[in-house]
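Feature annotations, courtesy of TrEMBL:
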ACT_SITE  CYS328  active site, nucleophile
ACT_SITE  HIS818  active site, proton acceptor
BINDING   CYS192, CYS195, CYS212, HIS225  Zn(2+) binding site
COMPBIAS  754-767  compositional bias 'Acidic residues'
COMPBIAS  768-784  compositional bias 'Polar residues'
COMPBIAS  785-795  compositional bias 'Basic and acidic residues'
DOMAIN    168-276  domain 'UBP-type'
DOMAIN    634-675  domain 'UBA'
DOMAIN    710-750  domain 'UBA'
REGION    691-711  region 'Disordered'
REGION    754-795  region 'Disordered'
Amino acid sequence: MAADLGELLVPYMPTIRVPRTGDRVFKSECAFSFDSPESEGGLYVCMNTFLGFGREHVERHYRKTGQSVYMHLKRHVKEKATGAAGGAIPRRRNGKVFLDLELNRDFNGEDYEYEDEAKLVIFPDHFEIPLPNIEELPALVTIACDAVLNAPSAYKKQEPESWEEEIQVSRHARSLRQLDNGVRIPPSGWKCQKCEMRENLWLNLTDGAVLCGKWFFDGSGGNGHALEHYRETNYPLAVKLDTITPDGADVYSFEEEEAVLDPHISEHLSHFGIDMLQMQKRTENGHHTDNNARPRVSEWEVIQESGMKLKAVYGSGYTGIKNLGNSCYLGTVMQVLFSIPDFQRMYVGNLQRIYDYSPLDPTQDFATQMAKLGHGLLSGQYSKPPMKSELIEQVMKEEYKHQQKGVSPRMLKALVSRGHPEFSSNRQQDAQDLLLHIINLVERNSAGSENPSDVFRFLVEERVQCCQTRRVRYTQRVDYCIQLPAPIEAATNREELLAYEAKRKDAEENMRAPPQPVRARIPFTACLQAFTEPENVPDFWSSALQAKSAGVKTSRFASFPEYLLVQIKKFTFGVDWVPKKLDLAIDVPDFLDLNRLRATGLQASEEELPDLMPPIVLPEDTRDNSMSSVDSPEIDEAAVMQLAEMGFPLEACRKAVYYTGNMGPEMAFNWIIAHMEEPDFAEPLTLPSMIDPGPSTSDSPMGATPLANSPPEESIAILTSMGFPRTHSIQALKATNNNLERALDWIFTHPEEEESDALSDMADTEPNDNTFSNANSHSDSTLSPDRDTSGPRVKDGPGRYELFAFISHMGASTMSGHYVCHIKKEGRWVIYNDHKVCLSERPPKDLGYIYFYHRLSSS
């Protein structure tokens, strides 16, 4: 028999491998489905690629690759007998455990026992060789089988390889020198001190300089000013501003050229006014919450409807998603996305085509993993009601035992979070950030095919007006979500809130227990009104004046999306850097009519601002061109003195009055508040006209730069070094206002085309979390006002909507707490709370965080 087995395996020996260091063995879950060794058909592990396949999918892999030898893993699970018969859990015959119990907790309890079975299967004849067969199998096969059975889970092997586990303590951490320069970092509103960048910002821990990082493929952008600063100063350590949590922060050592650990990070941040020690947390029911749990008790109960006996539902569309520890933000987002027909058609409707054309490693293919999760949620295979006999037993047992198991999003989470510093961690994250990240991945992976995220795309028209000349500029940009402010001053229970605050302060001063908290109740109409009001534009440069001036901006819908995402801005930072969540209840309507917010474009009575950009001003030049008496501008000295009497530096007051167009001390005061943290706040006023403009054309007075100028050569070089044609790279940079990150997305979504067509298509930017009222680097993209917005990239229509889903958050900040979602299906609301799916009795629509509306038909 031994000789027979040896001869049988000889033709397949070249295809059988022993797992090497770095190989991942997928022996817990199928790459195309959620089948596992506990499934009826077991799991087949390829002995060459070590990918796992359910019975339904192993034939496809055999046909595609010709690989014939698989290890078939099967776990038989049964409940323990009660009484004396319930002995120890039996072991597999060779004493090996091939299944990672951490990935299958449903059977990892004292009430179950299991028996594992493994065998080699040779395709296409399905010849089976039971294992172990040490004496009968060739030595190489025996070694390979033993290595596969002993290999850790593919994901368990990844975890210690993540940079969070590998980082070492920096040699600069203990002796880091910090300058006593009085720098204090505000909790928001950061921007690069050299290029105005507002993302991927790093705080130098020596002098408090806030500068942008380098540009990477993982979605973070920048111009490398933080690295330049290190080369100029040799200040070695910097921390990424948006990664600071109670657990620590992402720290990078320029000198050591790697991410490092700073054991004294709390002290180093405190030097610049960032108090990490107040951001305490604890863990409750597996979810992170804050120590001050009392104000959140009712929120947890109301949102989860925990005081009611909710009826579980099963079948297609009612499958839960397991929580991997802190992955509820991912589960809620995916539940809502796969309730939208466009996502269902794209990934589940094309399931077989996606699977047939998937790459050799389907675990690394975005479309495959989206199709896998979509099919798992919609097929009903993983959401079946218990048998009648089981129901009788369940009446006598604990409730959790008859809840559905749900599907595990581990494979998709590993893929979508790869290279992302936040989502690749095990910490809780913001569901809104994840949603936009997923939309971005859908965009990148849908080039040349149907793009389901188009249902969220819409155009924003921004109108900016120079307060001095009254001239205007209209631009358009793409967005995917509107963020509504929550004006506390509009609360209908304002008196009650004031009374509560007085009681709270009194209790705090007298060391008594705090009173029962009061939740602010804000009308939705007030949120919408605050959203549409004009706002001041910081650092507005008027092309008509060729100088900074006061400007105001209003935003409207240039198109209405098929599906409207609405986020309530509940999260903020306190002045002490403690992240806070506003305790709000908003009467969000079931039906929404936004037609009155439709953009109108340039009016006949309006005059446009010249199409010029500000001149380039070198920092060193500004110090050599201080204000002279000859060139002094007209400044309202009375307003300057009023501000100076408040204690502000005289030069700062002069700049404030000048840049707000002598419109009075109140406007200038607002400018001071917005700019007082800037390093040049108190430096003398320097005007663009006082700096040598260099060569200029007659169309570009005073050194102003035409918008049509060529992009920076270094940006072009980066794209061409990646293999993209020079002309196409220039088109992409021009279309995205020289933003490298968005230019790359533009290239992926725009095959090479005629230059005239490319220049007119400037709307394809990546999704971002801008509101209509945010002025940052993502809102620079412009569109011709007469562009046809009814094209395939923008699905315009009436602005009337109906609410069909919302995601709610419980906890004190996005870094802690728990997410659940409610979705309206078949005319009834359903709550999705991790793996539990039940009919909702009282959907808490007033406590939601992200709301999803679908457009009503014109009829």
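From the backbone N, Cα and C atoms, a Cβ is placed for every residue, glycine too.
No curator has checked TrEMBL annotations; they are predicted automatically.
A 10 Å radius around the C-alpha of CYS328 (active site, nucleophile) takes in these recorded positions out of CYS192, CYS195, CYS212, HIS225, HIS818, in sequence order: HIS818. Other residues of the chain with a Cβ within 8 Å of the Cβ centroid of CYS192, CYS195, CYS212, HIS225, the Zn(2+) site, are GLN193, LYS194, GLU196, MET197, LEU201, LEU211, GLY222, ASN223, GLY224, ALA226.
Outside the domain 'UBA' (634-675), and at least 6 residues removed from its termini, the chain residues within Cβ reach (under 8 Å) are 189, 467-468, 536, 538, 548-550, 681-685. A gap of 33 Å separates the Cα atoms of CYS192 (Zn(2+) binding site) and HIS818 (active site, proton acceptor). In terms of DSSP secondary structure, the domain 'UBA' (634-675) contains 29 helix, 0 strand, 13 coil. For the domain 'UBA' (634-675), the model gives a mean pLDDT of 81. The two recorded residues HIS818 (active site, proton acceptor) and CYS195 (Zn(2+) binding site) have their Cα atoms spaced 37 Å from each other. The most densely surrounded of the binding-site residues CYS192, CYS195, CYS212, judged by C-beta neighbours within 10 angstroms, is CYS212. The Cβ of HIS818 (active site, proton acceptor) has 25 neighbouring Cβ atoms from other residues within 10 Å, across all protein chains displayed. Long-range neighbours of HIS225 (Zn(2+) binding site) (same chain, six or more residues apart, CB within less than 8 Å of its CB): CYS192, GLN193, LYS194, CYS195, MET197, LEU211, CYS212. For CYS328 (active site, nucleophile), other Cβ atoms within 10 Å of its Cβ number 28.
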